[in-house]
Amino acid sequence: MLKQRTIKSIVKTVGIGVHSGRKIELTLRPAAPGTGIVFSRVDLPTPVDIPASAMSIGDTRLASVLQKDGVRVSTVEHLMSACAGLGIDNLYVDVTAEEIPIMDGSAATFVFLIQSAGIEEQNAPKRFIKVTKPVEIRDGDKFARLDPYFGFKLKFSIDFRHPAVDKTGQELEVDFATTSYVREIARARTFGFAHEAEMLREIGLARGGSMDNAIVLDEYRILNNDGLRYDDEFVKHKMLDAIGDLYVIGHPLLASYTAYKSGHGLNNALLRELLAHEDAYEIVTFDDPQAAPKGFAFDAQTAFA
């Protein structure tokens, strides 16, 4: 059977919170089959566990934020994206603040941590959410959509109308049957505009944001000396975000995702719309790994990645 996965050993790192600017400790721990991805605020007098789920996402203005009883864990999308890319079903994520450290602004550090810990198959069938009917959410000209597809593919279009972004790819289509998440998506960094960063700092946000963890643009150009990691890094990062946003549903999706100018809020609304229609999806497992879509019947160390 195609099995669930966790990590083999505990792994730790320290990074900066993009909004608080503070040093944050992050610990990843193995979890039993059926646990899911569970975030734990271990800095509180009594630690609070917040399982990743579509219904636990609250604030989505600047990141995907998990909330439970007034306790928050922000900026979960890059770590969730790495878990999706490496096929991690079960994981405890201990964090000492209300945000996951930003690291280099991509998912690459989290991929490295998980691969360093080692990936272990578990004696339980991996559960997929198979989309059986189209589901769509629109907001003005923005939209996000899921269609039935035996596999996982994404098509994302952006439109920032900025000279530096316009010169790069504005549209990307990826099918993980034939594309490596680790090589092609994981290293794409978040990006932002210098004038927006100043405004955010004035209201106490983005205190940890810098060219060490983001692509920074002024009105005309990229300010980072080292340029881009991919020719189409902007749209690739939006896809990286979408993969993480979608993975909070708790299982990998078997679906085709299409989006135009979507963000964390629209992605979460799409998941809620899917879950609201029980006839639009079903839970499936694969007794024979070879019967799973290409890209999911991976060996123990890689991903649809």
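Counting begins at 1 with the first residue displayed.
Positions of Cβ are set from backbone N, Cα and C atoms, glycine also.
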Given that Swiss-Prot assigns His237, Asp241 to the Zn(2+) site, pick the one from His78, His162 that the record assigns to that site as well.
His78
If the Zn(2+) site is taken as the center of the Cβ atoms of His78, His237, Asp241, which further residues of that chain fall within 8 Å of it by their Cβ?
Glu77, Ser81, Gly105, Ser106, Ala107, Ala188, Arg189, Thr190, Lys238, Met239, Leu240, Gly244
Chain-internal residues, separated by at least six, CB under 8 A from His264 (active site, proton donor):
Ile57, Thr60, Arg61, Ala63, Ser64, Glu77, Asp241, Asp245
Within a 10 Å radius around the Cβ, which one of these binding-site residues has the most neighbouring Cβ atoms: His78, His237?
His78
